[in-house]
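To start, the structure under review is shown below, and the notes come after it.
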Amino acid sequence: MSIKETSVPADRRSAEAPRQKVDLSGLTVLAVFLAIVVYLSLSTGSFLSTANLMAILVATSLIALVACGQTFVIITGGIDLSSGSVVALAGIVSAMAMQAHVPVALAVVIGVLVGAACGLFNGLAVTMLGMNPFIVTLASMAMARGLAFILPNGATLFGFDDSFDAIGGGLVGFFPIAGIVSLLALSIGAFILGKTVFGSEVYAVGGNREAALMTGIPVRRTLLAVYVISGALAGLGGIILAGRLDSAQPIAASGLELNAIAAVVIGGASLFGGRGSMLGTILGILLIGVINNGLTLHNVEPFWVQFIQGAVIFLAVLFDSLNNKRKASS
């Protein structure tokens, strides 16, 4: 599949949903984000410190990678619940590869390929077997998590090479490498969605699958590709998390997929497909990042943090559902 910059034929435009833009919901998210930033700046003395801002960037880098992949999937009308488990599995496999004296660079590639293979499994089940994405990825979530425990016999693997740890915890100047990687992924994702034929096909498939088929868009190939992208980015996230923690844990990244999905939906993407943007996803990531950081700075109890995160996800999905009902009735 070639991804190149080109114009979209007129007959395909009719099959597409609105392209990348920050609409009213995006501006609302931006306003809420700025309001929270102002509040935290006034209520805590450390929020705007360089150390805290870098901590937010590192903390959100993993969500950003997974959310980048989720954006592609959700725009097509799908969902990937396996992302968190794939993060853990990729970290475990990469760690085991290094324990077998595989070079660090190759171990990183292996981790990404493990993620891509999980995405390929999901994509084939959805496209070739016609299975529901929710059910498929729920099942693969359990299978990937199970493998993450089975392969190391439930043990945590640690003691990695410094060059591997640097991927997740190293700095370029004062800027975290993990942050650079996630920003790069988001930038490439934004370019693909906004400037390529493949990006046009992603929106078209999510906007109206039947119309997309009629205009010659390779629907199956497009769906397969977005799940592979999601899996590969989750695999890369597993490398970053293992490097940051200097350990690969079978239980790692539990629930991460929910935060990533929330970031995408908060950013204006619709769970019904056809709408979303990488810029909106970035806004969603930033909002979740400052909320989590603010709760930490205010020493909020961990179980309240979980409750608030769940409430944010609920409100995001509720808003998306109401928005779709309003558009359907108008």
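Along the chain as shown, residues are numbered 1 onward.
Quick reminder: no glycine exception, Cβ is built from N, Cα and C everywhere.
It should be emphasised that the depicted structure is a prediction, and the values quoted were computed from it without experimental measurement.
What TrEMBL annotates here:
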type     : residues : note
TRANSMEM : 22-42    : transmembrane segment
TRANSMEM : 54-74    : transmembrane segment
TRANSMEM : 104-126  : transmembrane segment
TRANSMEM : 133-151  : transmembrane segment
TRANSMEM : 171-193  : transmembrane segment
TRANSMEM : 224-245  : transmembrane segment
TRANSMEM : 251-272  : transmembrane segment
TRANSMEM : 279-297  : transmembrane segment
TRANSMEM : 303-322  : transmembrane segment
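Counted over residue pairs separated by six or more positions, the transmembrane segment (133-151) shares at least 3 Cβ pairs under 8 angstroms with the transmembrane segment (104-126), which defines the two as touching. If you look at the transmembrane segment (104-126) against the transmembrane segment (303-322), you find fewer than three C-beta pairs under 8 angstroms, all six or more positions apart, and that falls short of contact. When each of the listed stretches 22-42, 171-193, 224-245, 279-297 is scored by C-beta pairs under 8 angstroms to the transmembrane segment (54-74), 171-193 comes out highest. Residues 20, 22, 25-26, 29-30, 32-33, 36-37, 39-40, 44, 46-47, 52, 55-56, 59-60, 63-64, 67-68, 70-71, 186, 190, 259, 262-269, 304-305, 308-309, 312, 316 of the same chain lie 6 or more positions beyond the ends of the transmembrane segment (279-297) yet place their CB under 8 Å from a CB of it. Tertiary proximity for the transmembrane segment (22-42) is limited to same-chain residues at least six positions away from its ends with a CB under 8 Å from its CB atoms, namely 48, 266-268, 277, 279-280, 283-284, 286-287, 290-291, 293-294, 297, 319, 323. Taking Cβ pairs closer than 8 Å, the transmembrane segment (251-272) reaches residues 22-23, 25-26, 29, 62-63, 66-67, 70-71, 74-75, 77, 79-85, 87-88, 91, 141, 148, 237-238, 241-242, 245, 279-285, 287-288, 309-310, 312-313, 316-317, 320-321, 323-324 in its own chain, all 6 or more past its ends.
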